[in-house]
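Some features that Swiss-Prot has for this protein:
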- Cys457: active site, cysteine persulfide intermediate (ACT_SITE)
- Leu185, Met186, Lys267, Gly289, Gln298: ATP binding site (BINDING)
- Cys346-Cys457: disulfide bond (DISULFID)
- 63-167: domain 'THUMP' (DOMAIN)
- 405-483: domain 'Rhodanese' (DOMAIN)
Amino acid sequence: MKLIVKVFPEITIKSRPVRTKFIRQLAKNIRTVLRDLDPAVVVNGVWDNLELETRVTDPKALKEMGERLTCMPGIAHFLQIDEYPLGDFDDITEKCKQHYGDALAGKIFSVRCKRAGKHAFSSMDVEKYVGSKLRRECGAAGIDLKQPEIEVRIEVRDKRLFVIHSQHNGIGGYPLGALEQTLVLMSGGFDSTVAAYQILRRGLMTHFCFFNLGGRAHELGVMEVAHFIWKKYGSSQRVLFVSVPFEEVLGEILGKVDDSHMGVVLKRMMLRAASSIAERLHIDALVTGEAISQVSSQTLPNLSVIDCVTDKLVLRPLIVAHKQDIIDTADQIGTGDFARHMPEYCGVISVNPKTAAKRGRVEHEEQEFDMAVLERALANARLVPIDRVIDELGQDLQIEEVSEALAGQIVIDIRHPDAAEDDPLELAGIEVQTMPFYAVNARFKELDPTRQYLLYCDKGVMSRLHAHHLLSEGHANVRVYRPS
């Protein structure tokens with residue numbers, strides 16, 4: 001299979017050195033992301049696009065390649081093509097006929113040709129000749145350039161002919177690794193996950209920072225969605241997941257800060273901590289999912305007071321986004337269900353929160369705060385490579401595993417819905433239910449407590465994590481299914 005990868009249009013207007021740098025980075029990213037599917041994949045760069053060739057023929061692997069490319073920053077779209085040496089107009093017609101002939105019978109169609117290089121003919125010359133001959137020889141109903149039922153697309157490049165089968169849109173942006181790095185503050189909800197996606201989509205490499213206010217289930221949920229975002233949109237780069245224990249910080253705020261200023265002070269402490277971590281990682285920008293006035297701490301006066309504690313640039317890609325638009329985007333990118341099932345820990349509830357906090361008053365409230373508590377939280381922060389975060393969580397858990405399901409037991413497939421649909425788990429004589437891993441904590445309590453449940457995933461890591469959490473919650477009827 002051969003693909004022509006069209007780069008993000010804004011790359012093409014850069015200076016020659018910058019353009020070359022970006023296209024080389026994109027080629028490197030493509031090789032990295034596709035390496036496990038085809039170690040020998042060939043990616044060659046030219047001035048405004050990349051040419052990708054693979055000898056892989058497995059339809060499932062080819063589909064996965066396409067899905068990964070559609071989610072890779074830097075790609076405007078890509079074309080699946082067949083390449084031939086350029087012949088005369090009759091030869092071009094014959095090649096088009098091989099691929100489109102059967103589909104044109106009784107249809108209204110058009111021919112579109114793009115051309116690059118020096119030729120004695122124009123693109124329109126090709127379109128007129130090929131279109132006229134295909135109409136006569138393929139039994140087409142007619143030609144309509146504005147509303148064709150079928151569009152025959154070809155490209156002529158110097159002495160090569162490309163017959164285009166399909167076009168797949170990408171997400172645009174710049175290739176990861178070509179621009180600077182950021183640190184996104186993650187809660188795992190709609191806002192922070194969409195903000196992380198927007199930053200990745202633009203081409204900024206994103207590390208993840210989570211402030212744990214006391215919920216183990218919440219930490220697990222945020223790790224899962226951060227790993228999902230990285231795997232789908234940013235896996236060409238190695239980034240970190242940072243978990244900061246903030247329970248003691250929260251306790252200090254609850255005990256020493258006036259109720260009306262708790263939310264703003266908590267955000268300032270988080271920004272201080274994130275700035276310290278960013279400094280360690282040589283990162284100059286922080287990212288949050290805040291939107292103007294969505295909650296009391298997100299009014300313009302409060303955001304201004306919050307930002308006073310850091311010299312870092314604070315990026316808020318959702319600052320003027322409406323909540324429903326954010327939710328719709330989360331559903332489109334695959335994080336919506338994660339957010340809906342995200343365990344919450346709400347330890348700061350202001351009865352009458354200030355919507356226009358004054359900097360002087362906030363600083364006065366913070367005078368009683370013991371900053372040693374914040375320093376301890378930073379000292380105990382865990383920095384884990386995002387590609388190992390799930391494995392590391394599950395490696396020391398002692399959970400009973402079974403290699404065979406028995407009659408009466410129910411196997412719960414907790415893989416992502418896409419994986420469960422592509423490769424359904426079927427066991428003779430055994431009931432199999434699907435329940436995505438991000439919904440397990442919320443939905444397991446709805447199941448019949450008298451039955452025995454076996455959690456299943458591909459590697460056994462996610463199933464061990466969720467089985468461990470369910471057991472700690474008092475559900476004794478859960479095991480892990482690891483078929484031999």
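Backbone N, Cα and C atoms are what each Cβ position is placed from, and that goes for glycine too.
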Residue, out of the recorded positions Leu185, Met186, Cys457, whose Cβ gathers the largest set of other Cβ atoms within 10 Å: Met186
For ATP: widest Cα to Cα gap among Leu185, Met186, Lys267, Gly289, Gln298 in Å: 16
Segment confidence, the domain 'THUMP' (63-167), expressed as mean pLDDT: 95
Number of helical, extended and coil residues in the domain 'Rhodanese' (405-483), per DSSP: 28 helix, 16 strand, 35 coil
Euclidean distance between Cα atoms of the residue listed as 'active site, cysteine persulfide intermediate' and Leu185 (ATP binding site), Å: 28
Length of the line joining the Cα atoms of Lys267 (ATP binding site) and the residue listed as 'active site, cysteine persulfide intermediate', in Å: 37
DSSP state at Gly289 (ATP binding site), helix/strand/coil: coil
Number of helical, extended and coil residues in the domain 'THUMP' (63-167), per DSSP: 40 helix, 38 strand, 27 coil
